[in-house]
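Below is one structure, written out as structure tokens, with a few remarks after it.
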Amino acid sequence: MIIYATEVQTINSFVRLESLKEVYGFIWIFVPIFSLVLGIITGVLVIVWLEREISAGIQQRIGPEYAGPLGILQALADGTKLLFKEDLRPSRGNTPLFSIGPSIAVISILLSYSIIPFSNHLVLADLNIGIFLWIAISSIAPIGLLMSGYGSNNKYSFLGGLRAAAQSISYEIPLTLCVLSISLLSNSLSTVDIVEAQSKYGFWGWNLWRQPIGFIIFLISSLAECERLPFDLPEAEEELIAGYQTEYSGIKFGLFYVASYLNLLISSLFVTVLYLGGWNISIPHISILKLFEGDQIFGTTIGIFITLAKTYLFLFISIATRWTLPRLRMDQLLNLGWKFLLPISLGNLLLTTSFQLFSL
């Protein structure tokens with residue numbers, strides 16, 4: 001009987017151990033997702049603070065300085081204030097569309113972060129069709145903006161939603177053609193493979209030098225997709241009050257505010273991944289894996305730092321552009337997208353295809 005009781009106790013301990021493994025395995029699935037979301041939120045807070053400080057410097061004023069040291073907690077204070085404001089809804093609007101619109105805009109942008117490699121294989125989902133997934137997901141956000149404009153039952157909101165949809169369609173196609181050119185050069189649609197294809201020759205191996213025309217078109221299209229000046233026609237204050245955001249208040253207005261900065265950050269990250277070598281350092285024939293082969297954690301940290309440094313360089317350019325160039329008219333914006341960027345990006349794709357065929 002003693003031997004039988006011991007066997008039962010041993011079996012029960014194994015069962016408990018297996019159940020604990022299942023629980024820990026289930027929890028471990030959410031650890032990378034939680035870490036990524038926490039990093040994204042921190043990045044957005046830093047971007048908001050940087051934009052306010054840079055804008056203040058350009059305009060020769062002080063900028064935020066009371067909320068935390070150097071005003072770094074100002075964005076957090078603004079978000080807390082919006083969280084506790086009343087959520088108003090238009091009495092004659094379409095309530096389901098009005099409520100769902102901001103969530104669609106934010107979620108579609110957040111999903112794009114899952115394929116960004118921040119360092120060597122430090123990516124949430126390394127997919128073989130990662131670039132196509134980003135293009136597909138990014139085309140969902142304008143649907144949310146159009147739903148918000150239509151559901152508000154306001155002429156300014158509806159016009160803002162229509163402008164957002166027209167602008168997104170106009171610049172999504174040139175951007176996609178530029179991405180296809182990069183995929184042809186790298187022989188892959190995976191973001192990790194695209195970064196590794198630029199690692200051999202260091203600084204001179206970046207796609208920036210192999211695709212200068214595509215880089216400029218991608219840069220312009222990214223700013224237009226983010227609805228940043230000079231492409232902020234969907235929410236032009238002088239014309240449409242606040243565009244599709246006119247009827248929003250409280251947390252829903254805050255979601256649109258966060259979505260614009262999330263979009264700016266993801267566009268900057270894709271500029272880094274596609275054209276600026278990603279996590280790679282700029283020394284030819286030296287990779288982070290070989291340089292920090294003995295300390296993988298330190299090498300990964302250096303890779304993250306390099307990726308973010310390149311990303312914030314593009315962010316600085318986009319913020320400076322906001323206070324440099326005037327807003328375009330709607331006809332000028334559409335003409336730029338359809339009559340200039342689309343033919344040039346198509347010619348760039350054909351040129352890249354011809355080069356790849358002749359180099360075989």
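Please read every residue number as a count from 1 along the shown chain.
Cβ from N, Cα, C; glycine included.
Under the heading transmembrane segment, Swiss-Prot lists 27-47 (among others).
Residues 36-37, 40, 89-90, 124-127, 130-131, 133-134, 137-138, 140-141, 143-145, 147-149, 151-152, 191-192, 195, 244, 247-248, 252, 255-256, 258-259, 262-263, 266, 269-270, 273, 278-279, 303-304, 307-308 of the same chain lie 6 or more positions beyond the ends of the transmembrane segment (98-118) yet place their CB under 8 Å from a CB of it. The transmembrane segment annotation in Swiss-Prot covers 98-118 (among others) and rests on sequence analysis.
Residues annotated as transmembrane segment in Swiss-Prot, with sequence analysis given as evidence: 129-149 (among others).
Swiss-Prot lists 165-185 (among others) with the feature transmembrane segment, giving sequence analysis as the kind of evidence.
The feature transmembrane segment is assigned by Swiss-Prot to 203-223 (among others).
Per Swiss-Prot, transmembrane segment is recorded for 253-273 (among others).
Taken from Swiss-Prot, the feature transmembrane segment covers 297-317 (among others). Residues of the same chain lying 6 or more positions beyond the ends of the transmembrane segment (297-317) and with a Cβ under 8 Å from any Cβ of it are 43, 47, 50, 54, 117-120, 122, 219, 264-265, 267-269, 271-273, 276-281, 288-289, 291.
Here Swiss-Prot flags 340-360 (among others) as transmembrane segment.
Cβ atoms under 8 Å from those of the transmembrane segment (340-360) belong to residues 171, 173-175, 177-178, 180-181, 184-185, 211, 213-214, 217, 220-221 of the same chain, restricted to positions at least 6 beyond its ends. Between the transmembrane segment (203-223) and the stretches 27-47, 165-185, 253-273, Cβ pairs under 8 Å are most numerous for 165-185. Nonlocal intrachain contacts for the transmembrane segment (165-185), taken as residues 6+ away from its ends with a CB within less than 8 angstroms of a stretch CB, comprise 131, 135, 138-139, 141-143, 145-146, 194, 197, 207, 210-211, 214-215, 217-218, 220-222, 224-225, 227, 231, 233-234, 274-275, 330, 333-334, 337-338, 341-342, 344-346, 348-349, 352-353, 356.
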